[in-house]
Every structure is written in C-alpha cells, then in structure tokens.
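Novice: Annotations per Swiss-Prot:
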TOPO_DOM  1-19  topological domain 'Cytoplasmic'
TRANSMEM  20-40  transmembrane segment
TOPO_DOM  41-227  topological domain 'Periplasmic'
BINDING   Cys54, Cys57, Met60, Glu106  heme 1 binding site
BINDING   Cys84, Cys87, His88, His187  heme 2 binding site
BINDING   Lys100  substrate binding site
BINDING   Cys144, Cys147, His148  heme 3 binding site
BINDING   Cys178, Cys181, His182  heme 4 binding site
Amino acid sequence: MRLPSFLRRFWSIATSPSSFLSVGFLTLGGFVGGVLFWGGFNTALEATNTEAFCTSCHEMQSNVFEELTRTVHYTNRSGVRAGCPDCHVPHEWTDKIARKMQASKEVWGHLFGTIDTRRKFLDNRLRLAEHEWARLKANDSLECRNCHSEVAMDFTRQTDRAAQIHTQYLIQTEGYTCIDCHKGIAHELPDMRGIDPGWLPPADLRASLPDHGSSFDLEGARAYVAD
C-alpha cells in the first residue's frame with residue numbers, strides 16, 4: 001500500500017532536509033530550536049533547584065525540612081538563610097548537572113515508598129546520612145564552600161578552639177574538610193553509637209581544648225559544631 005503523497009513528502013523532507021530547504025533556513029531553524037531547548041532546559045533545572053520543589057514530597061517536608069527550621073542555618077541574627085539547594089546542590093553548572101543525575105534515583109525511592117513513613121525514615125537515617133557524609137567528603141565539602149571559605153575567615157572572631165582547629169586542619173593540613181567535624185548542623189544526627197562522630201577534636205589537640213567528653217553526646221556535638 002502506497003503512503004499518501006503528503007506523508008511521502010514529509011518523510012523526504014525529514015530524511016533529507018537540505019534537498020528541500022535552504023542552508024540559511026536550516027541554520028536559522030537550528031538556532032531558534034537550540035535557544036528554545038536551552039531555555040526550557042534551564043527553566044526546568046532551576047525549577048527543581050528550589051526549596052519549594054525539594055519539600056514538595058512529604059518525606060522531606062515532615063522529616064528533614066522540619067529539623068532544618070530549628071537550626072541557625074534557617075533562622076539567625078544576620079537573616080541569611082541556607083535552603084535545601086544551598087547545601088545539597090553545587091553552584092557550578094557541571095557539578096550541578098552531575099548532582100542532579102545522582103539525585104534522580106531519589107525519585108525511585110519516592111515512588112517505591114522507601115522512606116514514606118517516619119518509622120522507615122528513622123530506620124534508614126544512618127544509611128542516608130553516611131551516604132551524604134561520604135559525598136561531601138569526596139567533593140571536599142563543595143556545597144559548604146558555596147558560602148564558607150577558610151581564606152575569608154577572621155580567626156580572631158572565632159573561639160580559641162575553632163580558630164586553632166580551622167588553622168591547623170583547613171589551612172595547614174591537607175585531607176580534612178568541613179564535613180569531617182560539622183555533621184548534624186542542619187539535621188538531627190542518627191544513632192551514632194559505634195560510629196566516629198567526627199565532631200570530637202583530633203587526638204593531638206584534645207589535651208589543649210575544652211573537654212566535651214570522649215563518648216558521643218548530642219549536646220556536646222551541637223556545642224562543638226556551633227563553633
């Protein structure tokens with residue numbers, strides 16, 4: 001059976017456009033199409049990079065976001081607020097795209113109800129936290145450095161403990177990064193028994209710093225990371 005003439009013509013144009021359309025028209029069409037695609041892509045990208053989008057799922061709204069609202073990152077004397085994307089999405093475009101690709105699997109978690117109840121969330125909290133700590137360790141706390149920079153720190157305005165640790169372990173020593181010490185600053189910590197909390201001062205500094213205890217203590221952790 002022969003195709004109608006208009007379908008045959010459409011197929012010919014689609015498979016060999018240069019035979020029917022001028023190079024200028026094709027170039028202009030490609031440019032316009034590219035602009036529309038790029039504009040639509042970036043619009044969608046920015047729409048998924050907002051606090052409203054992050055908290056549109058009840059898993060986030062009822063658990064981690066509610067915890068964030070009780071921290072200094074959400075309400076503070078300066079009025080500068082860090083939202084979900086500030087801490088979980090890098091600002092540089094290439095790093096942002098890579099993070100979006102990583103986060104796509106979280107959509108499956110939502111669809112299959114991995115943490116759709118408080119009980120499920122608490123049961124998975126340590127696993128989720130360790131995954132995020134490992135990610136921030138691997139990228140040298142890239143999202144923290146969206147706002148914080150050790151070269152811009154005024155150590156004279158920090159506590160003696162914070163100034164000493166920042167100077168020795170961020171300025172003078174390689175291999176350390178923000179998340180090594182500053183866990184639990186925006187969300188509650190999971191059960192840390194048997195796990196190195198990271199907030200204890202390094203062994204070579206403990207003798208010279210105020211003692212917050214040698215075992216895990218939630219209030220001690222909050223006091224330490226607040227510095």
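Keep in mind that glycine also has a Cβ here, set from the backbone N, Cα and C atoms.
Explain the structural surroundings of these features, please.
Specialist: Averaged across the topological domain 'Periplasmic' (41-227), pLDDT in this predicted model comes to 83.
There are 19 other Cβ atoms within 10 Å of the Cβ belonging to Cys54 (heme 1 binding site).
DSSP assigns Cys87 (heme 2 binding site) to a helical segment in the three-state reduction. Annotation for Cys87 (heme 2 binding site): same-chain Cβ neighbours under 8 Å, separated by at least 6 residues, are His73, Glu143, Cys144, Ala186.
Under a cutoff of 8 A between CB atoms, and with a sequence separation of 6+ in the same chain, the neighbours of Lys100 (substrate binding site) are Leu45, Thr48, Val89.
Counting only same-chain residues six or more apart in sequence, the Cβ atoms lying under 8 angstroms from the Cβ of His148 (heme 3 binding site) belong to Cys178.
DSSP gives Cys181 (heme 4 binding site) a helix state.
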Novice: Would you kindly give the Cα-Cα distance separating Cys84 (heme 2 binding site) and Cys57 (heme 1 binding site), rounded to the nearest Å?
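Specialist: Cys57 (heme 1 binding site) to Cys84 (heme 2 binding site), Cα-Cα distance: 13 Å.
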Novice: According to DSSP, does His148 (heme 3 binding site) sit in a helix, a strand, or coil?
Specialist: coil
Novice: Which site among Cys57, Met60, Cys147 has the most other CB atoms no more than 10 Å from its CB, taking these as binding-site residues?
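Specialist: Result for the most crowded candidate: Met60.
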Novice: Centre the Cβ atoms of Cys54, Cys57, Met60, Glu106, go out 8 Å, and tell me which other residues of that chain have a Cβ in range of the heme 1 site.
Specialist: Phe53, Thr55, Ser56, Glu59, Cys84, His110
Novice: Let me know how many other Cβ atoms fall within 10 Å of the Cβ of His182 (heme 4 binding site).
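Specialist: A 10 Å sphere around the Cβ of His182 (heme 4 binding site) contains 20 other Cβ atoms.
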